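Once you've had a glance at the structure underneath, I'll fire off some questions.
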Amino acid sequence: MNIDDYESLPTTSVGVNMTAGAIAGVLEHVVMYPLDSVKTRMQSLSPPTKNMNIVSTLRTMITREGLLRPIRGASAVVLGAGPAHSLYFAAYEMTKELTAKFTSVRNLNYVISGAVATLIHDAISSPTDVIKQRMQMYNSPYTSVVSCVRDIYKREGFKAFYRAYGTQLVMNLPYQTIHFTTYEFFQNKMNLERKYNPPVHMAAGAAAGACAAAVTTPLDVIKTLLNTQETGLTRGMIEASRKIYHMAGPLGFFRGTTARVLYSMPATAICWSTYEFFKFYLCGLDADQYKSSITGSSEPRKADYVLPRTTDEEQIDQEREAAKEKDTTATLHSAPTSVNASGAIKTVCELSTRPAGPTINLHTRHTDVKSPYERGFST
């Protein structure tokens, strides 16, 4: 399949978006999971980590708890990342297609689409985050995902899996709106034709992840505290904020910022580049049909994927059309038209068929005019 055909393919097919999103989500979390474990350990208050960077934290985990400690709990992420990211990207693309019909403001479109995608994604990923972070904690007693789920449910009930859901939404709504807006911004600047361009997808994804992660780190610290506590004594964002401030001061809200940014940059780069690749690849398998994300109905092949148009772009097109019409009108009035030319030819032809008379025949050949020599011999 030609790369130039990428944006004319059925890029909003629900099946394509869900499949590409699931693969991208699993690959992202599997590759970056060890660094995510380091981030969780640096943000944890039990035991408190002081003046520890990424390298020293990772070294301590491996030395004290074994080589496989940084990847414990990865299976929970794999189980949750697939369906969560599948619905995440499908909801984003579907909402973006729908809102484009009602607004021409691009950033508003991205914000609304990102918010809807986040609500659906977090409803699925919140329980897996709790399991993952419990297994990432220092001296965690859990050796498997199943034992972790059973123990949490037995001791704390089902609500423990959604204890930080509100905080997670408060964190992820601004995170994802910044994420999607930044990604689409760099796409519009670096990839004007919106074609399949792996370097641009990776660069835009990395920039989006870095910006979103840096801004929302304090909320991530609060979420980590709520997810990792076993007693459930700390309830809500306000109480968690007070506890963090009391134990670590103002800087406690920014613990693990470097690890979070370094995690998010490659993670989002991997996620977006993988998603765009599989969307590009899977579209090529059914390039002649376009299935709407909203209705699911098949339509003829989509001519082009066009971003929501702004008022400035529409005004420019209108001015161009008006200029073309003006030039056409001026040409018709200033130069002989094909109609006038054909009329002149018709008139000349009629003159050639009329009988000879006093009127001069413009088509009379010079041989028809007799010379004096010829007139002398005429009878």
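The backbone N, Cα and C atoms fix where each Cβ goes, and this holds for glycine too.
Copied straight from Swiss-Prot:
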{"type": "REGION", "residues": "357-379", "note": "region 'Disordered'"}
{"type": "REPEAT", "residues": "12-98", "note": "repeat 'Solcar 1'"}
{"type": "REPEAT", "residues": "105-189", "note": "repeat 'Solcar 2'"}
{"type": "REPEAT", "residues": "196-281", "note": "repeat 'Solcar 3'"}
{"type": "TRANSMEM", "residues": "14-33", "note": "transmembrane segment"}
{"type": "TRANSMEM", "residues": "73-92", "note": "transmembrane segment"}
{"type": "TRANSMEM", "residues": "108-124", "note": "transmembrane segment"}
{"type": "TRANSMEM", "residues": "164-183", "note": "transmembrane segment"}
{"type": "TRANSMEM", "residues": "198-217", "note": "transmembrane segment"}
{"type": "TRANSMEM", "residues": "256-275", "note": "transmembrane segment"}
Please give the average pLDDT for the repeat 'Solcar 1' (12-98) in this predicted model.
86
Looking only at the repeat 'Solcar 1' (12-98), what are its DSSP counts of helix, strand and coil residues?
70 helix, 2 strand, 15 coil
